[in-house]
């Protein structure tokens, strides 16, 4: 995928359709921002609704994982291919397709009557989201030049930060005030507005010399990722030694090898593997993977703890997550200033280590813990995320020549989504296994010893309250203590793993990101 070039009289080999407006670029920014806000807010708004979705649809623990991973998986798989399609067939046209798919899929999510329907609809949302993600920045790059491009990208980036900050609050308000279905239905009118603006105001552009998509690469990469995620989630329901799990791991390995061979031999690969010869590019991708694997994947389990164990509503949970969002926003402002003063690696590496230390501070949960135990860790992790996010995008594109910046950015975004998908799957599997073990240990020697499997299943499915009603009154206090203590213990374990991954990613990115690799000064 090449960097989008400006079309018009000065754009050789490009096509631009006529436009009635005197200065259409600001309409392009508006249309892209409306669609992007809807897309980015969906990344954070869903988490606070998951316990209600679980209860409403009687979803299993693995179903909850798939609600998140179906979206992340299709988003990761299609990002680079969607960018190639946009260059070839027209960025405005492909962006419109993405908007239609995302908006329609949102309506289907809201109408879902079963976990499977919701998971499939979320996968469809991810397809639309991948198209919108990959094309939105290309539309802006095509419409703006010089200092105005910096302004446009700054507005887009600020909107991304705002969406991440207000997502949990908006999601909590919709779930508590209306229903979980409205976190999806709310996308429909926003999507219609974005569609109208794009159709009426955005100018078409394309690259007549763009290469055709690497379909073989797309199929093998998607298959490898899907097999890996399925194996990790299925291992939580059965075991890592189950035949289907081993078969899926083997399939993932074979497909990944096939993908690498295809990319090496392709004249127009989906992944330009030569980019991985640049240490800074690799360091940026490691940072992107580590950040998403850790704090963003962990948020799912923190939300389940706040709602299913501590009993907070979706809105109350969203308010408490402002501790994290506040740290992100404040640190993002500081990171923008710091990036002009110090090397990028001195921001990204330590930022990831801060996230890891924040996760470690969240550990130590017990049956008696309140949510305030999480506050120091959430603040520190938020500050770390705020330091890492702003310079990470410039790290991806700053080490390649402009014509390859689109692919470089797309690869970095892909690593983010792969990190989220594998984080949710692996952490969830370890969480489920640990939960079963701890419940058995804590219930041993009590009247509830014979019900340990039911207690663990109820904790995974968020249905402890239903189990509570079936237990004799004299055993209910003991049930609460076992449930809270077991969930806390399992959460402590995956917090440790997430912290280790993040700190290792921080150290590696600090060692690998080098100022001399940047084609242009890595500021901004």
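The backbone N, Cα and C atoms fix where each Cβ goes, and this holds for glycine too.
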Range annotated as transmembrane segment in TrEMBL, from 124-144, 397-417:
124-144
Considering only the recorded stretches 70-89, 182-203, 239-262, 318-339, 494-513, state which has the highest number of Cβ pairs under 8 Å to the transmembrane segment (124-144).
70-89
Who are the long-range neighbours of the transmembrane segment (282-306) in its own chain, taking Cβ under 8 Å and residues 6 or more past its ends?
47-48, 50-51, 64-65, 68, 276, 312, 316-317, 320-321, 324, 345, 348-349, 352, 355-356, 358-359, 362, 365, 371, 374, 381, 384-385, 388-389, 392, 395-396, 399, 411-413, 415-420, 422-424, 427-428, 431, 462, 487-488, 491, 494-495, 498-499, 501-502, 504-506, 508-513
Within the same chain, the residues 6 or more beyond the ends of the transmembrane segment (215-233) and with Cβ under 8 Å of it are 62, 65-66, 69, 73, 76-78, 80-81, 244-245, 248-249, 251-253, 255-256, 258-259, 262-263, 266, 269-271, 418, 421-422, 425-426, 428-429
